[in-house]
Amino acid sequence: MGCSKWRAVFNFGHLKAQSKLSVFLTMIIIFTYLFYCLSGYCESLPRPVYDQQTTFINKILGLNDELKQQKLDPHKNSSPGSVVRELPGFDSVDSLMQGNDNELRPDNNISIANNFGSKTFPQAIIIGVKKGGTRALLEFLRIHPDVRAVGAEPHFFDRFYDNGLEWYRNLMPRTLESQITMEKTPSYFVTKEAPRRLFALSRHTKLIVVVRDPVTRAVSDYTQTLSKQPGLPSFQSLTFRNSTTGLIDTSWSAVRIGIYAKHLENWLRYFPLSKFLFVSGERLVTDPAGEMGRVQDFLGLKRLVTDKHFYFNQTKGFPCLKKPEGSSRPRCLGKSKGRPHPQISPEVLLRLREFYRPFNMKFYQMTGHDFGWD
Ligand SMILES: Nc1ncnc2c1ncn2[C@@H]1O[C@H](COP(=O)(O)OS(=O)(=O)O)[C@@H](OP(=O)(O)O)[C@H]1O
């Protein structure tokens, strides 16, 4: 009975041989596809590209530091890779932030579906410095159609090196031949092993360092820590090892990170100066288009990010992005960027400025660029 039913379904006797063949082939294709999907491979098939660049979708500014900490802290059995898996769209971490209307956040109703291209190791990395303006630079770069970048900080060359190169490559977005892959992890600049590890992977990687007056950078760093630990001792007490002698505590990371010449020396043992671009964190705020021009030249990109992309937001006190393509509103960085700094005694700041002066001079000499911090 069952057999005769099937015979009826597959009874092609009335069809010509040619038609039979095409029906047969069609069925083979359908069965193969069904088998493929049931085996779980459908997800890896190329999907339509709703937004070829996906840069707009990926715009995440000011990743919530606490959330980042929580997601990326290896001691909590997490990793950047797990962020990718846990959240719909790697870059949408910021969508969990509380924020004002102008915060840059992804449009969650559009899915990221760029499965074309391949995942490659970054050709350019923003290696530092913490609180220099690295997030702003990355997000401004992501407007460029030939740039694709990881939203969160991978921390591969400092925290997750043991996860292996394939783990790192897998974090990268897919890129087409014409596009470059980028990531930013500001702690690489001050990580002793980072240059050696990166050099072992590729000596051709372009390195971008966003630098900012080390004194304001230290205050910014302190402000960030204070926002997470309200009971933190004062800036003054952390700055000095001995307040009577005025000896600066260089073991405090907020101070140590600002000794740029020392960290750069470590990098120059592996990479020539020509591989570096030093971006002024100050100019990134006062003249974002100008600084972006230099960055695009360095990366060999057409100068497509220009002054028409920026406007100065008076409330935020920083440049923000005018309506990016496909978006209905302007976008500023999140609340964790551009926090008001606490008042620090002018004497403390002066002492710190004196401390940094020789290191700054050395840094200007090494880079051939006077950043005007003194
Ligand atoms: N356009 C724009 N909008 C907001 N903020 C801007 C912008 N450009 C540069 N900056 C400065 O970036 C500082 C934060 O630096 P980072 O992004 O490198 O910080 S982090 O290391 O990733 O935490 C941040 O430091 P604070 O002002 O101390 O919060 C800003 O001064």
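Start at 1 and count along the chain as shown; that gives each residue its number.
Every residue, even glycine, has its Cβ placed from backbone N, Cα and C.
When R212, R329, R351 are compared with the 3'-phosphoadenylyl sulfate site residues K131, G132, G133, T134, R135, S220, K337, G338, R339, P340, H341 in TrEMBL, the one appearing in that site is R212.
Straight-line distance linking the Cα atoms of R135 (3'-phosphoadenylyl sulfate binding site) and C332 (disulfide bond), rounded to a whole number, equals 11 Å.
Taking the Cα atom of each, G133 (3'-phosphoadenylyl sulfate binding site) and C332 (disulfide bond) are about 13 angstrom apart. For the recorded positions S220, C320, C332, P340, a Cα-Cα cutoff of 10 angstroms around K131 (active site, for sulfotransferase activity) retains S220. Between the C-alpha atoms of G338 (3'-phosphoadenylyl sulfate binding site) and C320 (disulfide bond), the distance comes to 12 Å.
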